[in-house]
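These come from Swiss-Prot:
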type    : residues                                                    : note
BINDING : 237-239, 262-263, 284-286, 289-293, 360-363, Phe367, Arg370 : 4-CDP-2-C-methyl-D-erythritol 2-phosphate binding site
BINDING : Asp237, His239, His270                                      : divalent metal cation binding site
REGION  : 1-230                                                       : region '2-C-methyl-D-erythritol 4-phosphate cytidylyltransferase'
REGION  : 231-386                                                     : region '2-C-methyl-D-erythritol 2,4-cyclodiphosphate synthase'
SITE    : Arg19                                                       : site 'Transition state stabilizer'
SITE    : Lys24                                                       : site 'Transition state stabilizer'
SITE    : Arg156                                                      : site 'Positions MEP for the nucleophilic attack'
SITE    : Lys212                                                      : site 'Positions MEP for the nucleophilic attack'
SITE    : His262                                                      : site 'Transition state stabilizer'
SITE    : Thr361                                                      : site 'Transition state stabilizer'
Amino acid sequence: MIRDERVAAILAAGGSGVRAGLRKQWLELGGESVLRRAARALVACDAVDELVVVVPSGEEGRGLAEVEGLGRPARAIAGGAARADSVRNGARAAEGCGIVLVHDAARPFATPGLAARVAEAAARDGAALAALPVTDTVKRAAPRDGAPIVEATLDRRALWLAQTPQGFRRALLLEAFEAAGDRAAEATDECALVEALGAPVTLVPGEPGNFKITGPDDVARARSILEAPVAMGVGYDTHRFAEGRRLVLGGVEFEGDGLLGHSDADVCAHAIGDAILGGAGLGDLGRHFPDTDPRWKGVSSLALLREIAAKVAAAGFRVGNCDVTLAARRPKIAPRAEEMRARLAEALGVTPGQVNVKATTGEGMGFVGRGEGIAAHAVALLVRVR
């Protein structure tokens, strides 16, 4: 990169989002707005010295707030009636910069490396854009009553799909806007204006993941990238033995003294419940079923699991599977493990094949080995459904 010229990144976020039916620049993806994600990639590029965010008139304050703290000087200015007006305003505002990068705020997945390559090509050649070679066969259509017909098959070897960022010497871009006049609004990108001057534009290999959010399907695609389709939680619980209480594990009653607790003290169900709540980011068992609440005194822990399954469903998850290990000298778990699996699965609304129960004796070590109580370790896998 030629470092004797400053580089400004212009983030075009002045659109109304009419095609998508939403204001794309403010849409939240994975905890951040689309605009901030797009800005983050630009300012992470070492070549970029400053950021100019172009937003709808009256929303400059919001636009600036979205890009604060990203490590580059930034300002927000008002856009115009058309994209060309907004980018022209941004280029004019980038005084003192020899190179400008223009990037769609609706492309939140561009990488800093791509921005650097486009900036370098623009500094060297005057104008450049990120683009992908066409891989599908392309047909040119002709109108016909009822449905269009194929007029010709184009040679895809000469066809590229334009992306952003697009980079320019600032003076060249402003000259292109001046020459186009009112016709600038008809151009679908800035490179078309430079091409109209007869100036060469260099193609820089783009990135397949650098797609533009234009409609609901694109929003769903972006969310599928940023929001993990599965989540995992870990649960752990212990209870000491207490005389005169029922011993319930996995919803199944065993012979012998039970465990001390506010509910039925089913340590197996409690560990599973904690794992499921943790995977959904919903805290722990004590938060939802505190031992200070008389509603849960003596209640079956299977009822708690039903409540937990409903809570995680409301949070957009379903239980994929869970695996629990009991550490206990007594009782013998293996003979009744299948019964426990069935009870737990019914409470969670899953099949027994999605629940696994196993046990260890602790080899005589610790409080488990001394026969003072039972411990349970559980892991749960949750599947995001929305």
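Placed from the backbone N, Cα and C atoms, the Cβ positions cover glycine too.
Predicted, not measured: the structure shown is a model, and the values here were computed from it.
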Rounded to the nearest Å, what's the C-alpha distance separating Lys212 (site 'Positions MEP for the nucleophilic attack') and His262 (4-CDP-2-C-methyl-D-erythritol 2-phosphate binding site)? Just drop the number here, would you?
54
According to DSSP, does Arg156 (site 'Positions MEP for the nucleophilic attack') sit in a helix, a strand, or coil?
helix
Can you count the other CB atoms that lie within 10 A of the CB of Arg156 (site 'Positions MEP for the nucleophilic attack')?
13
Over the span of the region '2-C-methyl-D-erythritol 4-phosphate cytidylyltransferase' (1-230), how high is the average pLDDT in this prediction?
92
Where Pro290 (4-CDP-2-C-methyl-D-erythritol 2-phosphate binding site) and His270 (divalent metal cation binding site) are concerned, what is their Cα separation in Å, rounded?
12
For Thr361 (site 'Transition state stabilizer'), just give me the three-state DSSP call.
coil
Determine the minimum-neighbour residue: among Pro290, Gly362, listed as binding-site residues, which Cβ has the fewest other Cβ atoms within 10 angstroms?
Pro290
If you count other Cβ atoms within 10 Å of each one's Cβ, which of the recorded positions Lys24, His239 has the most?
Lys24
Inter-residue Cα distance where the pair is His270 (divalent metal cation binding site) and Arg156 (site 'Positions MEP for the nucleophilic attack'), in Å:
61
Should His239 (divalent metal cation binding site) be counted as helix, strand, or coil on the basis of DSSP?
strand
Checking your reading of the structure: which of the recorded positions Lys24, Asp237, Leu285, Gly362 lie inside a 10 Å Cα sphere centred on His270 (divalent metal cation binding site)?
Asp237, Leu285
